[in-house]
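Working notes for the structure below.
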Amino acid sequence: MDESLADLRQELLALLCRDAYRAGDFTLSSGQKSQYYINCKPVTLSARGAYLVGRLFLEQLAPEAVAVAGLTLGADPLVVAVSVLSNLAGQDRAALIVRKEAKGHGTMSFIEGPPLPQGAVVTVLEDVITTGGSALKAVGRLQEAGYVVNEVLGIVDRQGGGAAAFAAQGIPLRSLFQISDLEAYLNRT
């Protein structure tokens, strides 16, 4: 397919505004109150949305990252999309899913996915970042397992302190969109 990244980004923005953004009174996972909510799952669990996110994230991955990971459930479709598209592009980056709690049976592990060597570089993916709490939990679990987290990539940064929380850990945050991008698009339509 001969699609420009700018066109893919615009298409994803339109999908997010149509299918993920909701106005109203909400309590976020951080406990904060908000006048809007962004649920990316209707987008990232659709075939086209998964493709768009996967392509755009794959283009941003550092060459040294051998895997992508994220906290279940929001990051599950993200890591799978990037991993599958990486294989099609000849890059073969593994997908890791980080559990919120250790599995209560079998291996009792926090991380599901193919085994990687100690020191393997992993990029954490997140759908929506507010304070960064969910992604930081994934970062901690990955570091405890002996992996090196090089950065966090998000779909939407709500600009609620997440970037500062990652910076305090020495981990860069990059996002496909800021909340201001969604607001500007919604104001135009």
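Keep in mind that glycine also has a Cβ here, set from the backbone N, Cα and C atoms.
In the structure as shown, the Cβ atom of E126 (5-phospho-alpha-D-ribose 1-diphosphate binding site) sits within 10 Å of 26 other Cβ atoms. Sequence annotations record features per position, and here Swiss-Prot assigns 5-phospho-alpha-D-ribose 1-diphosphate binding site to R99, K100, K103, H105, E126, D127, V128, I129, T130, T131, G132, G133, S134 based on sequence analysis.
Around T130 (5-phospho-alpha-D-ribose 1-diphosphate binding site), the same-chain residues at least 6 positions away in sequence with a Cβ under 8 Å from its Cβ are L28, S29, S30, Q32, R158, G160, G161, G162. According to Swiss-Prot, the feature orotate binding site maps to T130, R158, an assignment based on sequence analysis.
Within the set of binding-site residues (R99, V128, G132, S134, R158), the lowest number of other Cβ atoms found within 10 Å of a Cβ is recorded at R99.
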